[in-house]
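**Q** Starting off with a structure, shown below.
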Amino acid sequence: MAEIQNLKGFRDFLPESARKRQYVIDILRGVFELYGFEPLETPALEYEEILMGKYGEEGNKLMYRFTDNGERRVALRYDQTVPLARVVAQYGQELPSPFRRYQIQPVWRAENTQRGRYREFLQCDIDITGVNSSLADAEVIACTLTAVKNLGFETLCMSINDRTLFEGIDPKYLIVIDKLPKIGEEAAKKELVERGMSQEKVDSFIQKIQSLPPSENLRKLFKYLNEMGFEENKDFVFNPLIVRGLDYYTSTIFELVDRENPSLSLAGGGRYDNLIGIFAGQTIPATGLAFGFDRLLETMEDRGLFSNGTQNATPRVLVTIFSPQQVEKSVEISSSLRESGINTELYTDENTKMEKQLKYADKRRIPYVVIIGPEEAANNNVVLKNMQSGEQENLSFDQLIASLASPGRTLQG
């Protein structure tokens, strides 16, 4: 029999990983809604023509496209910005303007797989459509900085630029500028020559880009961010080397990087004032950002930013079954614990020996176990076992609920 495995670049998330992902999603969602963003979901499949040509040559190559059973050309969602543009064009009369939305769904790209890059991955987007204002850009950036601070990051910074500063520059050279911080100046010079720039112009070209001043639009944006309590050169910085690869960006662009490791990018976005107009037939300005969710999680893992809060969904207590004769009592107690808001798992095999049930609780990292033998049942008592210390307490039903519901009760008892 062939080995059972996933497709390359596609993953399963077992409970521990899934819980960490949900922990991050819950924090992001909470901050998004704190800033007034509303949820949106779109289908995984779009008509191919909706997505094609919106991401540049590389995007067209990486898109999953096929003919469905109805002979229609379709494609899997490549990002969440183009589907948003379709939604705004399609439901424009029903949506408020400005429209603030967040979207947390998977996207698909036929990438070369490596650490932090997968073929199916989650994106978390926030966007504001219908308003051409630096204040909207500031709101997106402020929301992002607040979210990562709530996740525990202390050294992240929004690197900001304006693509209008690049007007008149051949896009094939901008691709190299975008890579310069990661590949270094010498490698960038070499690639510029390979792309057709004369050797004599390379040095002055790079120097010209590096010395570009912020636009008037960016000065206004920085003023808003200062007024929101964010500090220039700490929380955000002007960086003339930020280009952003997607073709639809029109002016302000931004990328969330680490001040101590600028090559680490955890989110990116910008203003795309023409994209929605492709579908709507009229110009509808927009700005937004997408988190690189997997890279965000991996960085949190590397830095030990997952607190004990990620374990909150684990059952606090396992109610065991002493014998088939005690099933009803175990069911009654587990129901009462749940009614009291205590995460409770009821062991479901009445013929399993107690030793095996305790090993199960230990493997599941459930901190407490309730045991109800015939003597306890007769006296309306239970035994509460602390799985870490091994200590046991005889408690009444009411004492059990009060004890487990107490936030002060720790694994040490």
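Each residue, glycine too, has its Cβ placed from N, Cα and C.
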**Q** Of Arg65, Arg109, Arg219, which one shares the L-histidine site with Asp79, Gln80, Thr81, Gln123, Asp127, Arg244, Tyr248, Tyr249 in TrEMBL?
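**A** My reading of TrEMBL gives Arg109 as the candidate in that site.
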**Q** Per residue, counting other C-beta atoms within 10 angstroms of the C-beta, which of the binding-site residues Thr81, Gln123 reaches the highest number?
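**A** Per the Cβ count within 10 Å, the most buried is Thr81.
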**Q** Along the domain 'Aminoacyl-transfer RNA synthetases class-II family profile' (1-324), what average pLDDT does this model show?
**A** 91
